[in-house]
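Engineer: Annotation comment: TrEMBL describes 211-613 as domain 'SAM-dependent MTase RsmB/NOP-type'. Per TrEMBL, the feature S-adenosyl-L-methionine binding site maps to Cys318, Ala319, Ala320, Pro321, Gly322, Gly323, Lys324, Asp342, Asp369, Asp482. Residues or ranges marked as active site, nucleophile in TrEMBL: Cys533.
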Amino acid sequence: MNRGWDLVRSIRRSFSTALNKMEQCERYSYNPTLRWNPHVEEYFIKAYGAEHFSRISKALTRPSCYSCIRVNTLKTTSDAAIEKLVAILAESGFGNTTDCTSTNGSNDTAEVDVREENGTFSKESDVYHLSERKHREPIYKCQIPGLEYIVFVRGSGPHTIEYGDAPGKPLKEVIVSRKCAEAVLRGAQVFVPGVLACSAHVEKGDTVAVSVAVEQSSLESGWGVGFTRGTVLQGLQTADPHYVERNGLYIGQGMTMMSRAGIFRALEGTAIEMTNRVYSLPSFHDVLEGEIFLQNLPSIVAAHALDPHRGERVLDMCAAPGGKTTAIAILMKDEGEVVAVDRSHNKVLDIEKLAAEMGLKCITTYRLDALKAVCKRNQSADNATEYCSKGKSDITFASSNTLKLSAKDAECFTMEESDAGLTCEGDIANKKANQRSYVSKADIRKNARRLRNGPGRNHCMGGRVENSKGFPPNSFDRVLLDAPCSALGLRPRLFAAEETVESLRNHGKYQRRMFDQAVQLVRPGGVIVYSTCTINPGENEALVRYALDTYKFLSLAPQHPRIGGPGLIGQCELYDGLVEEWLRPGEETLVQRFDPSSPLDTIGFFIAKFNVGQKDT
């Protein structure tokens, strides 16, 4: 009898242990569910179907299982870049990787590209499908015709991480912000600003489990993580109110580079060096600068779709961070003019820096809002170009001459007690005379602070960008509008519920206004390429419908190379009764839609190319 009870107890203990292991395995895993606004989710289900949208949502929470690198063919070759990258990755210990599992939920290997000897292309419905490789090199060259200068570096994952958890012995944990986690999943380390909470008694060199805090709904403040930065994690379900929220949101294991106190006192620096990741992708920060550029495959395809030629004048309307701008310039062999504009001063500086690193001379940058890209028509034909393309800043002390004031001048600027607002004689008076503008006390004090604190990013030598008041109509051969969008195609994405049907609709209105500017700027016979990094049909197919219905001289043009799938046909009735029209039969094969759940394993992206006919006078 006792033996029978012993057997029962043994079975119960075994079952309990197995159940506990199962629960721990489920908890300390990476299996997020992307949350959507209910009306947005209903809309996307109508567009894609429930099953397809479920696959898209799952794919969006995972990174692509490869890094796509564009080689600067004006400086090097793909083979030379591969040779250098192999050596770099071997030195870092990244060379031996296993294949990723496809993000569409199957166990098939993600099909990214093939070497000519190991695979072939099949062309179905005018879309390239990439066949499975026999040999899985970690680095290899793309074989899509025309894109041989693209190099792929294979990552690995998802991996099962053994965190070393034990009953009654809580893990040392760190919670990071969602944006930090998305960067870590792409290969970054955990930096100080990204850390939100940490276990007590964490010291430098400790091994910690890293999880992510995804925004939760709050009636008082909308969406938020529900705790303040610096919160102490207890690690036990009974003592930790956020214990359950972290289930399935562990992104890996790392070693702390600072103590807990140091992490929350420091303003910058690496907080955790990731040693064991759910998804392992190499970092290319400061690697082969000027020779390679990390860029998503669809973005490179968008530059090709524009088909720029040597000697042409091309406009990139929303150019930051400069990836497509430099890709266009390289396709033009650095001959002609690529005008890159962005409304952010610092982003224009980034474009200039990238162009300089790549040795490109044909790129001209301006600070300009794309909604004001067409200059006013009240300028005469003789001075329209000069007026439109070279505006001046309204800031009195923006010139480089002013920033070269001597120490003596600086002392004069700080003499606020010189009652009547008198300034120093000599240089200062001459500067005022040359500028022919009133210099206020506020400007004097502001400039004095600049001189005391030293030059910042925007005011160092060469740190000013040229403003523009727009360009005359019909002044460009080709225009690329990679429009600001909802970015619902970027991967990995762990939260999407902040977007509503109304906000998505506002994105579409904004893009139409930009497109109206692009239509005016391109000459008859020219080309417009419109692209977004979102899965939202309202910003993609609906924009194409608007363009074709509004401007009868526009027509959809074939794109080369064609890698993405067809667009969406038909229309959709939204929850408020508004009907949104998309493409008509025959038009779907003239656009490219990149599905994040497809075997290509790219971000969600959309490209439409328009030929510009004779405009109405």
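Just so you know, glycine gets a Cβ as well, placed from its N, Cα and C.
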Engineer: How long is the line from the C-alpha of Asp369 (S-adenosyl-L-methionine binding site) to the C-alpha of Cys533 (active site, nucleophile), rounded to the nearest angstrom?
Structural biologist: 20
Engineer: How long is the line from the C-alpha of Cys318 (S-adenosyl-L-methionine binding site) to the C-alpha of Cys533 (active site, nucleophile), rounded to the nearest angstrom?
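Structural biologist: Between the alpha carbons of Cys318 (S-adenosyl-L-methionine binding site) and Cys533 (active site, nucleophile) there are 13 Å.
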Engineer: To see if you understand the setup: which same-chain residues, six or more apart in sequence, place their Cβ under 8 Å from that of Ala320 (S-adenosyl-L-methionine binding site)?
Structural biologist: Asp342, Ser344, Lys347, Val348, Asp350, Ile351
Engineer: Could you tell me the C-alpha distance between Gly322 (S-adenosyl-L-methionine binding site) and Cys533 (active site, nucleophile) in angstrom, no decimals?
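Structural biologist: Cα of Gly322 (S-adenosyl-L-methionine binding site) to Cα of Cys533 (active site, nucleophile) measures 15 Å after rounding.
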Engineer: Counting only residues 6+ apart in the same chain, whose Cβ is under 8 Å from the Cβ of the residue listed as 'active site, nucleophile'?
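Structural biologist: Asn296, Pro298, Ser299, Cys485, Ala487, Gly489, Leu490, Ile603, Gly604, Phe605 - these are the non-local Cβ neighbours of the residue listed as 'active site, nucleophile', listed in sequence order.
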